[in-house]
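Report on one structure; see the data block that follows.
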Amino acid sequence: MRLRHKPYAMDRINEYSHIVIGNPEESAGNWKEIFGNEQPIHIEVGTGRGRFMYDMAKANPHINYIGIEKFTSVVVDALDKLIEEEVPNLKLINKDAEDLTVFFAKGEIDRVYLNFSDPWPKNRHTKRRLTYKTFLRNYEEVLVDGGEIHFKTDNQGLFEYSIMSMAEYGMLLTYLSLDLHNSDYEGNIMTEYEEKFSSKGHRIYRVEAKYRTEPMQ
């Protein structure tokens with residue numbers, strides 16, 4: 001994806017620092033205070049232009065959401081949605097998710113969403129995939145005991161790699177669909193990419209995986 005430089009982006013992000021949290025490492029352990037309530041917190045790693053998080057937050061006001069996106073020129077589009085109509089249970093972070101464990105305290109997050117992540121198809125780039133074991137360990141660190149990952153992609157190779165990576169890590173796969181849009185799954189909220197790919201006839205793959213609270217026998 002080619003990103004268009006937006007010279008105004010940082011100024012806008014700084015102006016709305018109550019939405020895009022500028023120094024998230026200073027907020028670790030205090031996110032419920034930032035939201036002003038005790039509601040559960042769900043995060044999306046690689047939130048892109050924010051449609052999924054925006055729609056999820058609107059549909060579920062009893063849950064707090066945080067979208068994490070490293071590209072400034074992309075996250076500013078997500079911010080623009082919230083400037084037009086602020087959603088109090090949604091915040092954004094403009095940082096790389098590799099630093100996830102410094103943004104949140106242990107057990108502070110209830111669920112992680114990974115939607116249409118970069119597949120990094122070359123073997124030498126395996127460690128960059130957001131379902132590589134190092135990332136799975138980081139998610140586990142910030143999730144509550146028994147926390148979940150919900151993952152969607154149109155890339156069959158990444159999907160197969162991801163379910164294998166999760167299983168090898170010891171996670172429990174609680175839901176799996178090889179063709180989400182032709183399944184009986186209810187309540188699916190689409191991302192921008194999902195709408196684009198599915199309209200072209202691409203299959204959408206989905207898996208929900210849960211961290212085990214007890215070691216496998």
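In case you wondered, yes, glycine gets a Cβ from its N, Cα and C as well.
Look at Glu44 (S-adenosyl-L-methionine binding site): DSSP puts it in a strand. Sequence-distant contacts of Glu44 (S-adenosyl-L-methionine binding site), defined as residues of its own chain at least six apart whose C-beta falls under 8 angstroms from its C-beta, comprise Phe52, Met53, Tyr65, Ile66, Gly67, Ile68, Val112, Tyr113, Leu114, Asn115. Residues or ranges marked as S-adenosyl-L-methionine binding site by Swiss-Prot: Glu44, Glu69, Asp96, Asp118.
Asp118 (S-adenosyl-L-methionine binding site) carries neither a helix nor a strand DSSP state and counts as coil. Around Asp118 (S-adenosyl-L-methionine binding site), the same-chain residues at least 6 positions away in sequence with a Cβ under 8 Å from its Cβ are Gly46, Arg128, Arg129, Leu130. Annotated active site per Swiss-Prot: Asp118, in sequence order.
Note on Tyr193 (substrate binding site): other Cβ atoms within 10 Å of its Cβ, all shown chains, come to 20. In the three-state DSSP assignment, the secondary structure recorded for Tyr193 (substrate binding site) is helix. Among the features that Swiss-Prot reports, substrate binding site is placed at Lys122, Asp154, Thr191, Glu192, Tyr193, Glu194, with the record citing sequence analysis.
Neighbour density at the Cβ, taken as the number of other Cβ atoms within 10 Å, is lowest among the binding-site residues Glu69, Glu192 for Glu192. For Asp154 (substrate binding site), the count of additional Cβ atoms within 10 Å of its Cβ stands at 19 [all protein chains shown]. The sparsest Cβ neighbourhood within 10 Å, among the listed binding-site residues (Asp96, Glu194), is found at Asp96.
Binding of substrate is attributed in the record to Lys122, Asp154, Thr191, Glu192, Tyr193, Glu194, and the widest Cα separation among these residues amounts to 25 Å. Taking each of the binding-site residues Lys122, Thr191 in turn and counting other Cβ atoms within 10 Å of its Cβ gives the largest count for Thr191.
Taking CA atoms as the reference points, Glu192 (substrate binding site) and Asp96 (S-adenosyl-L-methionine binding site) are 21 Å apart.
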